[in-house]
Amino acid sequence: AGEGSESVAGDGAGPPAPERVLFPPTFSVSEIKNKQRRHFMFLRWKQQQRKEKLALKKKRKKEREALGDKAPPKAVPKTIENQRVYDETTVDPNDEEVAFDEATDEFAPYFNRQTVPKILITTSDRPRGRTVRFCEQLATVIPNSHVFYRRGLALKRIIPQCIARDFTDLIVINEDRKIPNGLVLSHLPDGPTAHFRMSSVRLRKEIKRKGKEPTEHVPEVILNNFTTRLGHSIGRMFAALFPHDPQFIGRQVATFHNQRDYIFFRFHRYIFKSEKKVGIQELGPRFTLKLRSLQKGTFDSKFGEYEWIHKRREMDTSRRKFHL
């Protein structure tokens with residue numbers, strides 16, 4: 001203790017400089033037996049890694065500035081998306097076969113402006129409050145949509161009634177333990193029908209810095225990364241929910257963004273700050289979809305013919321393989 005007191009009271013040159021953490025080359029945090037000490041050392045090791053990474057980044061930036069125009073091009077970081085396994089069904093916009101299929105598929109009357117979307121939104125039997133509020137908010141996003149609650153009525157009986165009343169699409173929101181967990185989208189009168197798993201549902205009141213309630217203007221629709229034939233069909237299903245001519249004066253946009261076969265839905269409003277600057281303000285709701293199956297025709301769980309079914313053990317063999 002005496003030696004320690006002498007070293008502290010040596011020369012009054014102020015507090016000592018913080019010691020730099022030096023870990024041996026063969027250092028392994030897992031070798032530390034004490035749990036609290038192991039956690040503390042792990043945090044210090046991560047902090048040192050971040051400092052070294054930041055120093056290297058600053059060094060490279062200075063080198064690029066010194067070289068100027070002679071600096072080599074920046075390396076493209078490797079991601080799961082840009083290392084994606086090639087899919088034979090990737091759509092070529094100039095493919096005559098794809099153009100013929102689009103001109104003759106079930107959505108052709110919509111894209112040829114022969115039909116106007118009219119949507120029925122319903123739920124599973126006896127929906128709880130959260131599912132009811134989600135359906136009501138979804139109806140404010142999709143123009144010309146109507147919410148009706150099922151009371152023990154089977155979908156096979158609902159579909160003929162929808163067709164008789166000129167509905168073009170049927171959306172069914174399923175729930176589990178009071179939380180929306182599934183979405184069935186059936187295009188009428190001849191299908192197809194898609195079944196999605198739903199997750200990460202956020203209502204308007206749960207979104208931070210949300211904007212005011214959406215207006216009745218027809219929103220713009222953005223579809224991102226639906227590149228395969230299957231993805232193209234799913235994108236056309238989503239597009240057919242909205243009227244053809246968006247009212248840009250409303251500054252509202254509905255986005256379906258596909259990333260790694262997860263479809264993220266966001267509803268925003270543009271905020272024009274000046275002639276050159278524009279921001280976006282989320283209106284909600286938001287949710288995430290994962291395609292489980294695509295069925296020909298309208299909903300038929302027993303005798304329906306399926307175009308595509310997600311089989312996890314057979315299809316999810318590689319993290320770089322995507323189907324949409």
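FYI, residue positions are counted from 1 along the chain as it appears here.
Including glycine, each Cβ sits where the backbone N, Cα and C put it.
Per TrEMBL, the feature region 'Disordered' maps to 1-23 (among others).
Feature annotation from TrEMBL assigns region 'Disordered' to 53-75 (among others). Taking DSSP states H, G and I as helix and E and B as strand, the region 'Disordered' (53-75) has 18 helix, 0 strand, 5 coil.
The annotation compositional bias 'Basic and acidic residues' is assigned in TrEMBL to 63-72.
Taken from TrEMBL, the feature domain 'Brix' covers 117-300.
If you take every residue in the domain 'Brix' (117-300) and average the pLDDT, you get 91.
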